[in-house]
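**Q** Dumping the structure here so I can ask a few things about it.
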Amino acid sequence: MQEFTKFPTKTGRRSLSRSISQSSTDSYSSAASYTDSSDDEVSPREKQQTNSKGSSNFCVKNIKQAEFGRREIEIAEQDMSALISLRKRAQGEKPLAGAKIVGCTHITAQTAVLIETLCALGAQCRWSACNIYSTQNEVAAALAEAGVAVFAWKGESEDDFWWCIDRCVNMDGWQANMILDDGGDLTHWVYKKYPNVFKKIRGIVEESVTGVHRLYQLSKAGKLCVPAMNVNDSVTKQKFDNLYCCRESILDGLKRTTDVMFGGKQVVVCGYGEVGKGCCAALKALGAIVYITEIDPICALQACMDGFRVVKLNEVIRQVDVVITCTGNKNVVTREHLDRMKNSCIVCNMGHSNTEIDVTSLRTPELTWERVRSQVDHVIWPDGKRVVLLAEGRLLNLSCSTVPTFVLSITATTQALALIELYNAPEGRYKQDVYLLPKKMDEYVASLHLPSFDAHLTELTDDQAKYLGLNKNGPFKPNYYRY
């Protein structure tokens, strides 16, 4: 599928020596995770594991971590009250009864709450990870113990990554009819290896900008054969997950990996979309001097009005202390940029894919890689200069730290409703194209989360609703409204 190959996958290429390759895929858990290093050298694919019910329909690092993972999930549920509320409201009618959902997302305590919600609503689920470093091993174990067919562990190799996806899709006697994807790799694999599966698929729900790009490429080429829902560009994803989640998690990820002090540091953020805006706001608040690079004049003007200098990367690359990519594009930071960085410059990515930083160009004999701590590599030039590369250019927050549970509840609720909508839509409502969520659905997701803040909406009077030409119950904004 040529359309997919235009957007390289997040796993990238792994061409280092065996010793470095092993250190790059050690089964480190996230900073909040329980770890058991006794069997780190044994691949989960080589183990024979069963849960307490005797099932072996999973592949995780260590099923014995399930009890700890269950506690992590229960803690997440406390801050995901809206998703739990949706689960309770819809559990009786089972809107996903008969749904067979194959998913490829980050596997964390928060996504586990989503997966178990889908199961409670009647779906059967098979799940793999969309990022080789973001899986919380104990959470994957808890899902496996609960009967979910999950194939994921932290520190997968590239071969492991595709093997896990294949195990989810290719199972005798079970065929998916819905796809929930984050990055497009699952969709790509089905197109490439099992195109006949799409005869049964009712729809695709895609969360990330990378995956959405790939869907639009297919649609433009006339090769998208099922309806797809673009969750990434929904208001509830863009304005909450992308902005507020990144505003908090960028600092967490950088602190945990580098212990950097932000006051007075010069930072360049590539991209001033919602992710970039969140990162910049957090860095500025702690006293960092922040520069922006942008291709879009509207976003660039927003950055200027927010008090940031908009520059070309080449203008500041020699002086900055930190480089952060937030574009969803490829080769934003090239080998030329990396060669010109000053000693100890920190380089990381807050976009979905690992293609934003040209990490492949650093896999050369003249450069030495030194793993100094989990997800932190020093790339050393012949003259002794070091560049600090985080998570091998993959997503910083989920690879190196955690993300705010409440914000992920908003995204997870949106994903659940999108799956329900596509699965239950009458024939003909959605064609073979990419769709945004209906405005009413966005508003419903937001309304479910307001009680957490003890927030109370004002209600329109009949006269006010008539004056504005609105239904008193919404939607309250036209589709063209920009929040």
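Just so you know, glycine gets a Cβ as well, placed from its N, Cα and C.
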**Q** Can you say which of 451-461, 462-472, 473-483 is given as region 'PDZ-binding' in Swiss-Prot?
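**A** Going through 451-461, 462-472, 473-483 one by one, Swiss-Prot flags 473-483 as region 'PDZ-binding'.
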**Q** Would you identify which residue of Asn314, Asn329, Asn331 Swiss-Prot lists as part of the NAD(+) site it also attributes to Gly271, Tyr272, Gly273, Glu274, Val275, Glu294, Met350, Gly351, His352?
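**A** Only hit among Asn314, Asn329, Asn331 in Swiss-Prot's NAD(+) site, alongside Gly271, Tyr272, Gly273, Glu274, Val275, Glu294, Met350, Gly351, His352: Asn329.
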**Q** Let me know which member of Glu93, Glu116, Glu158, Glu207 Swiss-Prot also records as binding substrate at the site of Thr108, Asp182, Lys237, Asp241.
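**A** Of the residues offered, the record points to Glu207.
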**Q** Helix, strand, coil: count each for the residues of the region 'Interaction with BCL2L10' (91-154), based on DSSP.
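**A** Residue counts in helix, strand and coil order: 21 helix, 15 strand, 28 coil.
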**Q** Sequence order is fine: just name those binding-site residues in Thr108, Glu207, Lys237, Asp241 with a Cα within 10 angstroms of Val275 (NAD(+) binding site).
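**A** Near Val275 (NAD(+) binding site), where near means Cα within 10 Å, the binding-site residues are Asp241.
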**Q** With an 8 Å cut-off on Cβ-Cβ distance and a minimum sequence separation of at least 6, pull the same-chain contacts of Gly351 (NAD(+) binding site), or say none.
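**A** Same-chain residues close to Gly351 (NAD(+) binding site) (Cβ under 8 Å, separated by 6 or more) are Val209, Thr210, Gly271, Val275, Thr325, Cys326, Thr327, Gly328, Asn329, Leu395.
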**Q** Six or more residues beyond either end and a Cβ under 8 Å away: which residues meet both conditions relative to the region 'PDZ-binding' (473-483)?
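**A** For the region 'PDZ-binding' (473-483), the nonlocal Cβ contacts are 235, 239, 436, 438-440, 443.
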**Q** Using Cα coordinates, what distance in whole Å links Asp182 (substrate binding site) and Gly273 (NAD(+) binding site)?
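**A** That separation, Cα to Cα, works out to 19 Å.
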**Q** Reported as an integer number of Å, what is the Cα distance between Ser344 (phosphoserine) and Lys237 (substrate binding site)?
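**A** Each residue's Cα considered, Ser344 (phosphoserine) and Lys237 (substrate binding site) end up 34 Å apart.
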**Q** Cβ atoms within 10 Å, counted per site: which of Glu207, Asp241 has the most, among these binding-site residues?
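**A** Result for the most crowded candidate: Glu207.
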